[in-house]
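Structure record follows, encoded as structure tokens.
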Amino acid sequence: SLSSPQIQFADQKQEFNKRPSKIGRRSLSRSISQSSTDSYSSAASYTDSSDDETSPRDKQQKNSKGNGDFCIKNIKQADFGRREIEIAEQEMPALMALRKRAQGEKPLAGAKVVGCTHITAQTAVLMETLSALGAQCRWAACNIYSTQNEVAAALAEGGFSVFAWKGESEDDFWWCIDRCVNVEGWQPNMILDDGGDLTHWIYKKYPNMFKKIKGIVEESVTGVHRLYQLSKAGKLCVPAMNVNDSVTKQKFDNLYCCRESILDGLKRTTDVMFGGKQVVVCGYGEVGKGCCAALKAMGSIVYVTEIDPICALQACMDGFRLVKLNEVIRQVDIVITCTGNKNVVVREHLDRMKNGCIVCNMGHSNTEIDVASLRTPELTWERVRSQVDHIIWPDAKRIVLLAEGRLLNLSCSTVPTFVLSITATTQALALIELYNAPEGRYKQDVYLLPKKMDEYVASLHLPTFDAHLTELTDEQAKYLGLNKNGPFKPNYYR
């Protein structure tokens, strides 16, 4: 009886071979591998990489109104993108509340904002909110993989000057930023940056334009670090707002967002089972804390590496073994970096990893894993699917590298919209604050968002949970020495 299914299988195989050979000129193996890279889930986007290989830079593009001041993958996807933006709006209550308020006043009238962030449905809601508040926007992507092409299309169709597509080359990346900035008769007066690349480009290439900027809003650890370096060297000639260290960004985007998206990025790319796996997380800041919490809840055995004794002690108190990378590199199944540093995982570590080890990065920049050291003749790179590479050693050992060491969650999956609503609202308020500040309130330095603003952002998100805040009585407020309406914590509170 066992043979009958086999015969059937042989028949099917015959059927398979008998299919008309006019499938187009793609060989079967190519169409199979192609379909795996095109699966919607792996790319978190409707983006079909096989459409055509023409670079968006070589195409004449126009939206339905005949405007062509943008460069994206495919304007035809605008309707898909619009739907995604509408879904995101549901989960971004505070931005929608800001829009309502803006019907009366336009606090960003006259603002010319040049932006460089991940171009996703969530960013689109932010951009359209800034526009509703009166700003003109030009935008580029801060990561070569994180753009959702259909969202970029919807924005271009809506009249935004967007320069971004998923899978840009390094050269495309800088070209897009330049096209965004360098326009006849357009002088930006505000910068919204994520990672500091846009700020750096304007500072280096257009120093005169840089001097006329009213303010910079920066949201990543990396970008903020670069701003402090400029400031220390006395070269920062505009006030900047460090959104990354505002409580609403740190505690929410860095912690809760990573707690939810680390598993998502790993599952979508590798389908790995987390139970019982040994994982080492490098760095126990907010991002590391989020990653560790999620992995621990899934039953993984989690090790942590850390340079800061305070974060290290927190890791120990949370029940994680604190180790040096060298001590566990031979035995772990997954390595995750989230330090904001460079060369955390180097070739020597990669050489000692066990077969099948998954290596990925949750920090903003692709500097944490020394990927360049793997591009040597004795190692073979195999692209398995979008954002997944196998790197094979001469003895047949392989490691699985995700997103070429770039930001895992935004490159390989999406991030929870609600958390981004919190960050985006903080960014919008920081722009409004800097743009409207009277002359002299902000010097040429890096500032934190006032605590009052942080509290305001948080309060805008409470109605979503049908949450009810308690109000202080006059007596209680006096006892604590506080204003009834906040701020409720001192600025140094962490």
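Quick reminder: no glycine exception, Cβ is built from N, Cα and C everywhere.
Please treat TrEMBL annotations as automatic predictions, because they have not gone through curation.
The substrate binding site annotation in TrEMBL covers THR120, ASP194, GLU219, LYS249, ASP253.
Annotation source TrEMBL lists NAD(+) binding site at GLY285, GLU286, VAL287, GLY288, LYS289, GLY290, GLU306, ASN409. Remark: GLY290 (NAD(+) binding site) has ASN254, LEU255, TYR256, CYS257, CYS258, ARG259, GLU260, ILE262 as non-local neighbours, by Cβ distance under 8 Å and separation of at least 6 in sequence.
Per TrEMBL, compositional bias 'Polar residues' is recorded for 1-11.
Summarising the annotation, TrEMBL assigns compositional bias 'Basic residues' to 19-28.
If you look up TrEMBL, you'll see 29-48 marked as compositional bias 'Low complexity'.
The domain 'S-adenosyl-L-homocysteine hydrolase NAD binding' annotation in TrEMBL covers 254-415.
Among the features that TrEMBL reports, region 'Disordered' is placed at 1-70.
Spread of the substrate binding residues is 18 Å (greatest Cα-Cα distance among THR120, ASP194, GLU219, LYS249, ASP253).
Between the alpha carbons (Cα) of LYS249 (substrate binding site) and ASN409 (NAD(+) binding site) lies a span of roughly 17 Å. The binding-site residues recorded for this entry are GLY285, GLU286, GLY288, GLU306, ASN409, and the Cα of GLU286 lies nearest to that of ASP253 (substrate binding site). For GLY285 (NAD(+) binding site), the nearest of the binding-site residues THR120, ASP194, GLU219 in terms of C-alpha separation is GLU219. Across the domain 'S-adenosyl-L-homocysteine hydrolase NAD binding' (254-415), the model assigns an average pLDDT of 94. The NAD(+) site in the record is lined by GLY285, GLU286, VAL287, GLY288, LYS289, GLY290, GLU306, ASN409, and its two most distant CA atoms lie 22 Å apart. Distance from the CA of GLU219 (substrate binding site) to the CA of GLU286 (NAD(+) binding site) is 14 Å.
Considering only the binding-site residues THR120, ASP194, GLU219, LYS289 (NAD(+) binding site) has GLU219 as its nearest partner by CA-CA distance.
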